[in-house]
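Have a look at the structure below before the remarks.
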Amino acid sequence: MRLFRHPAVRWLMTILLLGLLGFQLWSRSNHFANLSLISFDKTFWWFTIVFLMMPVNWLLEIFKWRTLLSIHVRIPFIHIVRAVLGGIALSIFTPSRIGEYGGRIMFMPSNAKWQVAISTLIGSIAQNLVGFSAGIVACLFLFDGFLVFKILGIVLILTGVLCFFNVKKVIQRISALNIHSVFKKLILNLQYIDDYSYKILFRVLGFALARYLIYITQFVLILHAFEPAIRLNILVLGVSAIYLFQTLVPLPPIADVMARANIGLILWSGSGMSELSITLGSLMIWLVNLLIPAMIGSFAIGTTAPLISLNTHESILPSDYLHVAPEQPDIT
């Protein structure tokens, strides 16, 4: 993790992020000839609202993660902010945003890395559960077909909710299986999930739902600014379905904008929405919600001292900051 704190690496990450922006613009350059069809005077205020919602979106993520993390470790709020932004910077290059775990861990005490990873995992599951459930409901309206698909959708939603609130029992069932000792060690490290009460999990789901509604609102506002004639319910259902398909396909965030645009072209093919509007809307969401926070996070990685001593690997926090559960016996 020390490597990411080197100034040269920080600048390299910034250059890469700018390069990604340039690539996205270049790959969609064939649409720029039609920009004159869009009245930016009428859409400016919509874009301003979308941009102002970006910090609210990430503040909700910060509060969601702090709610989970505070059960194990008491960390200053500013370090949590930097950890979240640093996680965005590293996750933008990895499938399913796996790099987010490393980005957050590097800001935290070394003897609390499992608690940090588990709290990040539970927060991610909550976010995906909300998006998955809303996406299934949207698909039931968009693809109104056989009754069996509606029943299957409802069963999937209920199963996801039950597993989320009974994750300890799910882990116990998995650990009882005849699996390799390496995976059994990993499962035992999931012990910290037991610390989360129903009240905490409900609160986390509330933050996840609020973040989801902000994302939906941002995307719908941008598309409505470009295509005011398209009905809002069509936009909301389409954006919800796009979020679902993005959740199911493990793509790195840098590919999200292309995937989002292609899925949108399929979903809205019969609504009269232009390819230009879908492409620009997808690009703006990617720019506002991912690229800008990632650029801020790349500087946070290089300018924030970690909460460990790099020489002794001991926490420099007062001892009462850490509430680490006792180690589990080694399983061979």
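Backbone N, Cα and C atoms are what each Cβ position is placed from, and that goes for glycine too.
Predicted automatically and left uncurated, TrEMBL annotations should be read as such.
What TrEMBL lists as transmembrane segment is 43-63, 75-94, 114-140, 147-167, 200-223, 230-249, 283-308.
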Return yes if the transmembrane segment (230-249) and the transmembrane segment (75-94) have at least 3 CB pairs under 8 Å (sequence gap of 6 or more), otherwise no. no
Among 75-94, 114-140, 147-167, 200-223, which stretch has the most Cβ pairs under 8 Å to the transmembrane segment (43-63)? 200-223
Cβ under 8 Å, sequence separation of at least 6 from the ends of the transmembrane segment (147-167): give me the contacting residues as numbers and ranges. 122, 125-126, 129, 132-133, 136-137, 139-140, 193, 198, 201, 205
Other parts of the chain folded back onto the transmembrane segment (200-223), taken as Cβ under 8 Å at six or more residues beyond its ends: 46-47, 49-50, 53-54, 56-57, 60-61, 63-64, 67-68, 71, 122-123, 126-127, 129-131, 134, 164-165, 230, 232, 235-236, 239-240, 242-243, 273, 277-278, 280-281, 284-285, 288-289
